[in-house]
Amino acid sequence: MPSVHLLDYVAGNVRSLVNAIEKVGYTVEWVKSPADVAAADKLIIPGVGHFGHCLSQLSSAGYVEPIRKHIAAGKPFMGICVGLQALFQGSEEDPNVPGLGLIPLTLRKFDDTSKSVPHIGWNSANTSHSDDSVSKSLYGLRPGAKYYYVHSYAAPYRAGELEKDGWAVATGRYGDEEFVGAVAKDNVFATQFHPEKSGAAGLAVLKAFLDGKTSVVLDEKPLPEGLTRRVIACLDVRTNDQGDLVVTKGDQYDVREKDGVSTGGEVRNLGKPVDMAKKYYEQGADEVTFLNITSFRNCPVADTPMLEILRRTSETVFVPLTIGGGIRDTVDTDGTKISALDIAKMYFKSGADKVSIGSDAVLAAEEYYKRGKILDGTTAIETISSAYGNQAVVVSVDPKRVYVSSPEATSHHTVETKSPGPNGEKYCWYQCTIKGGREGRDFDVIQLVQAVEAMGAGEILLNCIDKDGTNSGFDHELINDVKAAIKIPVIASSGAGNPGHFGEVFEQTSADAALGAGMFHRGEYTVRQVKEHLRERGLLVRI
Ligand code: 1PR
């Protein structure tokens, strides 16, 4: 098999990239030292997280000059995400750290006054503004496809600015900002999006680069510009009473079968995690989330069955994978202390793109307020986001409604609700819970999301225990309240029972993504049906 050299300089998640490269028929040779770069024919530089961290790592490890030489020698070079940003002169994110300077422009942060930042999801890489046909057919970038982006900083696109220096450019549009999605010139190609996470369209781009096909003519109808509505399939995974790992699904977090009279039967078994993830990928899920809701007691952390599930899933599923459950500092079965960052690292190395933190985030946020809103740098959120970037840290929230007769009846932040409580109460606050909803805290969801945003979380997975498994639609009051309190993206979760509920949540709230579980697992609807429904309602989706 032909090979490509890959430089993993920041311990990022490169497993999915390796899997994608292998999927399109190439093998990976690792660049382990600057001298290896000289031996490379094709070179790929990925990169996640902070611009400054990535560029400082490249520079201190002595890679900058060998990379420059590789490019100057006319050998194929591809940069992905921060690998694209590295080509620029610098970034507002870390003004004191220089980039390679091939492009004399500076990356800027997206404006978050009227949209969520980071920019997470599927957007265009549109080459239509070019008037020459080679630039238009750049590496097979498809006008009718969307690609997966995750970043807070981007190069603003100004027509002609890069083109005058010979660059061909593909762009995306986020709100009213047009940004550089991909650039190419001679032997250099770079994408701000992740081709390895962009499904079949992304794999085709990677293959075009590896095959040296700089121009692949495609004739298809362009999709409208902009970010699509993200639809996520979620798999709650646990061991059943026979010790098998199964996808399960609760009603308000109770995952045991009910016989109509009593509860407490067998753990519901809805299928095998790896097979189901693949099925949802093939149906068009924009992301797949695994929540490990078993503690796997007595199992060494390194043998956690979820690691194997991720490894196997990432071989066939080329969209982002999130893993949650048990991400906290812990003590291993042999008594060794193991940090949340170490656990996250194992997950990233096994193919996860993001980790989702539940209980530990609540406890850390409570401490943050006790310290007078001072960050201490040691929490799971802070350590993982500073190593892997904010976009890699999701906080999964499990709130429960507490009804009150008036806002004065509680010290917590309340909402006026259209679904009054059992005694006609017109207000409620959303209580944070930990341990899978088993323990309520004297802490509300707004306190939590504001704290974790300050600590470096990149996204909120907003469940709602009252709605979970009810098939009655999402809790719009909760979603709107949380969206108004923070800038980071919010994934609406809990209550989806049919495609219409996805349409409603996107029309009636500003949720950035919506997640479903039971309706997919029970085979009532496919992800594709949800997307078709959204498209019929005039909402932009990736099909
Ligand atoms: O606290 O960091 O160990 O993380 C545990 C994680 O496991 C948390 O993210 C928590 O939400 C999740 N979890 C714990 N217990 C349960 C349970 O169900 N007994 N599942 C559980 C939470 C909620 C959603 C669900 C949606 C959509 N599952 O992920 O998929 O509510 O369901 P629906 O569309 O069928 O209504 P930690």
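Counting begins at 1 with the first residue displayed.
From the backbone N, Cα and C atoms, a Cβ is placed for every residue, glycine too.
Feature annotations, courtesy of TrEMBL:
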ACT_SITE  C81  active site, for GATase activity
ACT_SITE  H194  active site, for GATase activity
ACT_SITE  E196  active site, for GATase activity
ACT_SITE  D236  active site
ACT_SITE  D398  active site
BINDING   C81  L-glutamine binding site
BINDING   G326, N463  substrate binding site
DOMAIN    6-208  domain 'Glutamine amidotransferase'
Neighbouring recorded positions, C-alpha within 10 angstroms of D398 (active site) - of C81, H194, E196, G326, N463: N463
Distant-in-sequence Cβ neighbours of H194 (active site, for GATase activity), under 8 Å, six or more positions away: I80, C81, Y147, Y148, Y149, V150, G202, P320
Where E196 (active site, for GATase activity) falls in three-state DSSP terms: helix
D236 (active site) and E196 (active site, for GATase activity), Cα-Cα, nearest whole angstrom: 25
Count of other CB atoms lying within 10 Å of the CB belonging to G326 (substrate binding site): 23
Those active-site residues in C81, E196, D398 whose CB falls under 6 A of ligand 1, listed in sequence order: D398
Alpha-carbon spacing, D236 (active site) to N463 (substrate binding site), which is rounded to whole Å: 13
Cβ atoms near C81 (active site, for GATase activity) (within 10 Å, other residues, all chains): 26
Per-residue Cβ crowding (10 Å cut-off), top of active-site residues E196, D398: E196
Other CB atoms within 10 A, centred on D236 (active site): 27
N463 (substrate binding site) CB neighbourhood, other CB atoms within 10 A: 28
Local confidence of the domain 'Glutamine amidotransferase' (6-208) - pLDDT mean: 94
